[in-house]
Amino acid sequence: MAEVLVYVDHVDGAVRKPTLELLTLARRIGEPVAVHLGPGADTAAATLAEHGAVKVLTADAPEFADYLVAPKVDALQAAYEAVSPAAVLLPSSTEGKEIGARLAVRIGSGIITDAVDLEAGDEGPVATQSVFAASYTTKSRITKGTPVITVKPNSAAPEAAPAAGTVEQLTVTVADASKGTKVVSRTPRESTGRPDLTEAAIVVSGGRGVNGAENFPVIEALADSLGAAVGASRAAVDAGWYPHTNQVGQTGKSVSPQLYIAAGISGAIQHRAGMQTSKTIVAINKDAEAPIFDLVDYGVVGDLFEVVPALTDEVKARKG
Ligand SMILES: Cc1cc2nc3c(=O)[nH]c(=O)nc-3n(C[C@H](O)[C@H](O)[C@H](O)COP(=O)(O)OP(=O)(O)OC[C@H]3O[C@@H](n4cnc5c(N)ncnc54)[C@H](O)[C@@H]3O)c2cc1C
């Protein structure tokens with residue numbers, strides 16, 4: 001069976017959930033071979049094997065941390081040359097997309113970004129994308145070279161499928177040209193204790209209807225009761241009520257959770273562009289004519305200051 005390279009997104013060997021989703025999808029088109037760069041391969045290997053990696057190719061070098069993505073592209077290219085895979089899968093993070101695009105250029109292949117599903121086809125893997133602010137669903141196949149495909153978080157549920165997970169060292173030569181941009185400092189982001197917005201299974205977002213930074217704790221309380229991330233519309237962010245890093249939409253972050261709750265958000269096309277692939281969408285808006293109601297699975301016409309706290313209390317009560 002053909003091998004499929006899966007780029008591992010991890011923090012010191014703690015494998016992030018989108019990689020486990022990629023392994024699940026990779027098994028539909030071949031045998032997953034994980035590529036783990038940087039420290040923590042021993043810790044990661046067990047998790048990767050548990051989720052179907054037949055092999056784990058690892059390389060650790062200071063260059064992976066000291067420079068931007070180019071040394072990682074050198075490593076993934078080395079893995080590609082060692083394995084001759086049927087496809088290369090990466091998470092659709094900013095870094096994943098840049099690594100994937102650079103690799104595709106180097107190996108003369110086509111790339112599909114932001115896939116939301118993947119299946120085996122007679123002539124190679126077929127990716128599903130949600131395009132033009134999710135107005136269309138397309139299925140595409142790469143016709144040139146080895147398919148390089150980036151997949152959005154939450155596109156598949158990770159499934160355990162124990163495999164050998166044999167760890168092998170990957171020999172990587174980092175090219176001088178890959179050291180053009182050096183990382184000179186790093187500042188850890190302050191942790192809110194909430195899941196990462198782009199990876200969260202549930203997102204609760206607030207818009208202009210929240211009516212002030214002082215009211216955002218109402219949104220946060222619902223998010224915390226559900227173990228969710230907090231998002232915001234651009235109107236809320238531009239007003240300074242919530243950080244720009246939490247903006248969902250065309251010029252913000254693209255999210256695709258299992259559940260998206262929009263409170264006090266009208267549903268402008270630019271907001272929809274970032275959340276319309278969410279599996280289940282719930283809107284709370286006091287205007288029954290708000291365009292957001294055109295795309296929801298469940299709509300609540302009401303004042304968010306009544307509905308959201310009531311929902312939070314109900315969630316807490318049911319959780320006990
Ligand atoms: C180039 C460009 C890029 C953009 N990128 C983005 C983007 O990435 N993300 C984004 O979100 N927007 C983006 N926008 C802005 C977008 O067009 C909208 O202006 C914005 O999404 C509106 O935010 P909103 O829904 O919170 O506010 P509004 O459109 O003002 O809607 C507020 C809603 O809250 C409801 N409401 C008010 N009070 C309550 C209450 N008490 N209870 C319940 N409901 C209440 C109202 O009925 C209304 O529907 C972009 C615009 C442009 C031009």
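Numbering starts at 1 and runs along the chain as displayed.
Cβ atoms here come from the backbone N, Cα and C positions, even for glycine.
No curator has checked TrEMBL annotations; they are predicted automatically.
Annotated domain 'Electron transfer flavoprotein alpha/beta-subunit N-terminal' per TrEMBL: 4-187, in sequence order.
Taken from TrEMBL, the feature FAD binding site covers Arg208, 233-234, 247-251, 264-271, Asn285. In the three-state DSSP assignment, the secondary structure recorded for Ala268 (FAD binding site) is coil. Every protein chain considered, the tally of other Cβ atoms within 10 Å of the Cβ of Ala268 (FAD binding site) stands at 17.
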Under 8 Å by Cβ from Gln247 (FAD binding site), counting only residues of that chain that are 6 or more apart: Gly231, Ala232, Ser233, Arg234, Val237, Lys253
Among Arg208, His271 [binding-site residues], residue with fewest other Cβ within 10 Å: Arg208
For the domain 'Electron transfer flavoprotein alpha/beta-subunit N-terminal' (4-187), the mean pLDDT of the predicted model: 96
Local Cβ density at Ile265 (FAD binding site) - other Cβ atoms counted within 10 Å: 31
Residues that sit under 8 angstroms from Gln250 (FAD binding site) by C-beta distance, when 6+ apart in the chain: Ala133, Ile269, Gln270, His271, Ala273, Gly274
